[in-house]
């Protein structure tokens, strides 16, 4: 017959197709027989939806490894944290002796011009991302050495970027904990996309420091000022001698 096509095996391909159930059975047998998941209350309570940024930041803020750079009395307050009274291990702080294993630099104490290149070298050897805490007045502004010292650096932020300033002379251990908590919040809000934008650079650093000589502010003129001859208190008639009388007594 010219108008009909006969299959070689005697079956018509248009009418002898497998059923939908047969196709489903074949698919389940060949593509891995995995049943539909049953989402229960117990399973839903053990599932956490998060992002790669949150997971990475959680791991970093829970394991801050500080490099302790202590040069003065502020470091004694930080050394108290290592003891069992404050127990700074609960924040995941593990002090490291090598800058290549640390991601947090804690500068505590006065920084001099001679120690400035060594501090910058330690900071550059730390892997990214890295953070800096300036601890104490001498580290932040130079402290009591900022008025007349020719060797003290007026703020460590002139050498390396600082993420958190911790004022005090010296700061108490509780204040150090507060600084660590604030730093952990900063780490937890970071993102991979914003890391290049937030990358901090050195503000300025020059060797030699190019300091120029200025006139001294301490002239000693206040030693020649005459004092008033008044009693220290109404009940005690003890007069105050002026500078000239004190000089005469010393000469005699």
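Quick reminder: no glycine exception, Cβ is built from N, Cα and C everywhere.
The C-beta environment of residue 169 ([4Fe-4S] cluster binding site), restricted to residues of the same chain at least 6 apart in sequence and closer than 8 Å, consists of 74, 136, 137, 138, 143. According to DSSP, residue 169 ([4Fe-4S] cluster binding site) is assigned to coil rather than to any helix or strand. Per Swiss-Prot, the feature [4Fe-4S] cluster binding site maps to 73, 74, 138, 169; the stated evidence is sequence analysis.
The feature region 'Disordered' is assigned by Swiss-Prot to 225-252.
Per Swiss-Prot, the feature compositional bias 'Polar residues' maps to 225-236.
Within 8 Å of the centroid of the Cβ atoms of 73, 74, 138, 169, where the record puts [4Fe-4S] cluster, the same chain has further Cβ atoms from 72, 108, 109, 110, 136, 137, 139, 143, 168, 170. The 10 Å shell around the Cβ of residue 74 ([4Fe-4S] cluster binding site) contains 26 further Cβ atoms across the protein chains shown. In the three-state DSSP classification, residue 73 ([4Fe-4S] cluster binding site) falls within coil. Taking the Cβ of residue 73 ([4Fe-4S] cluster binding site) as reference, residues of its chain lying under 8 Å away and at least six apart in sequence are, in sequence order, 109, 170.
According to DSSP, residue 138 ([4Fe-4S] cluster binding site) is assigned to a helical segment.
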